[in-house]
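What TrEMBL records for this protein:
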- 21-43: transmembrane segment (TRANSMEM)
- 55-75: transmembrane segment (TRANSMEM)
- 123-144: transmembrane segment (TRANSMEM)
- 151-175: transmembrane segment (TRANSMEM)
- 181-201: transmembrane segment (TRANSMEM)
- 222-243: transmembrane segment (TRANSMEM)
- 255-281: transmembrane segment (TRANSMEM)
- 293-314: transmembrane segment (TRANSMEM)
- 326-346: transmembrane segment (TRANSMEM)
- 358-381: transmembrane segment (TRANSMEM)
- 387-405: transmembrane segment (TRANSMEM)
- 426-452: transmembrane segment (TRANSMEM)
Amino acid sequence: MGGSSTSKVIRGGFWLYVSRIANNFGGFIYWLIISSIAGSSILGLTSVTVGLAGLINGLANLGINVGLQHFLGICIGRNDPVCFRKYFWTTTYFSFIVYFGIGGSLVAFGLAGLSFSGFTPAMLFYTGLLVMLGSSTTISSALVSMLRTDIVSIASILGNALKIIVGVFLVWIGWGFAGAVLGYLFMPFSMFAVGFTYLLRSYGLSKTFDIGVLVEVLRGSIVSWLPGVVALAGQWIGVLVVYGSSGASETGYYYVAFAISGFTLGIGFSILGLLLPVLSGLSSGREEAASRVLRISLGIITPIAVYFIFYPWLPLSLLGREYVSASTTLVVLLLGFIPLSYYAVVNSLAYSYKMYWNILYLGLSINIPRLILYMLLVPMMGGLGAAYSYTIGSYIGLLYAVFLARHIGFNMNWGLLGKILAPPILLGFLAYIFHIHWLLAVFLVSLSYLLYGRIKVIFKSDLREIAYAFLGREKTGKIYERLGGLIDIFFQ
């Protein structure tokens, strides 16, 4: 993977991170406004309906978003638009059949006045609408494969804006939970409007439906879907056990800590998440490309993660003093960033070599231990037990990831990992034991980035690719003309 591709991956990871921020922030604002206007009962009905739709979509997608990215990456690597159209449209038509079949059935149940296990006809009706629009997953997968995550970001921002404007208005005029749920329809609708339009202009419409292609995509998808189902089951079991044993407050503390850890590590994981289509499109040099992206990703997120490990109370206190009690939970979750990063890279490499059984074992190696530990630790320790289960599962999965990586020919560079960890841990520890103010500690831990240049973790060429990703070659050249002497002191 050349420098140009590295820049595209970094830029794509940034925009993917922006879309996730937009979704999280938009969701928070939406819940806040709806709660203040309509109260907790409407909020509860809406969250249950949206949650049911999300659960059904997660079970119904069969992992095709991952499998499709793999094969579209191959098509893009070959510069073969016919191949791209064949895989995209076949999978999209299949997705329409599945999602509209399930969603349409739920809509029909709702219109017929049927109810199920406490879900009213209206809840089933709106759940069905959300499920049908869940078919937009193939559009976002195609855009990710093309590294056009800026389009994904635009669709996310537009969808959240429309959700807030229309949904809040409908609730305000008295539509209740129906108005709140209808606001959510604008999220996938925006992906259709923006993403689908872009794909039609880029590749055109095709009536192709190739059974052989569909079987191939499903074969590469199921291996990621099965561990995902285990993870989904573990997530629900973890929530239910935390709620049942420790109450709603403890459950809320855990998810706040989980959300903050995801936000903290998001930029690095977003970059790593784009490796799947890129590596699939390469005919050689996959291990070198994966190693470089992993090194850059860890170089970006490690100082940030370490800072919040020593100062976990800082982001939690922004939400209220009571959330500071979740500091230990946040620390435990952040401690899992190394195995999760390595897992993501090995998973993408295995996909690029079509090692489907190994991908299945890799996914199960991390999610089955989590599921077992959820049931053992959560009743005793509440949200902290859920955090331990999640992180310990990550390290157990790391063992198989290291084994699989050796089989592929991608070995963990333990010396490099030590050089990545040492500067921020040392500087963060000094700030912690000397009780340095959190603002000065930010500056102190940030010195790790300069030290990375001196100890050959981050190179001048890496800085250049990062700058190219956001500024372009011309602006980067002008900046280097002014600051080149200073950059040369720290980076080689």
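Including glycine, each Cβ sits where the backbone N, Cα and C put it.
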Cβ contacts the transmembrane segment (55-75)/the transmembrane segment (255-281), at least three under 8 Å, sequence gap 6 or more: yes
CB contact flag for the transmembrane segment (181-201) and the transmembrane segment (123-144), at least three pairs under 8 A: yes
Touch test for the transmembrane segment (293-314) and the transmembrane segment (255-281), at least 3 Cβ pairs under 8 Å: yes
Intrachain neighbours beyond the transmembrane segment (21-43), with Cβ under 8 angstroms and 6 or more residues off its ends: 153, 156-157, 159-161, 163-164, 167-168, 171-172, 176-177, 180, 183, 187, 259, 263, 266
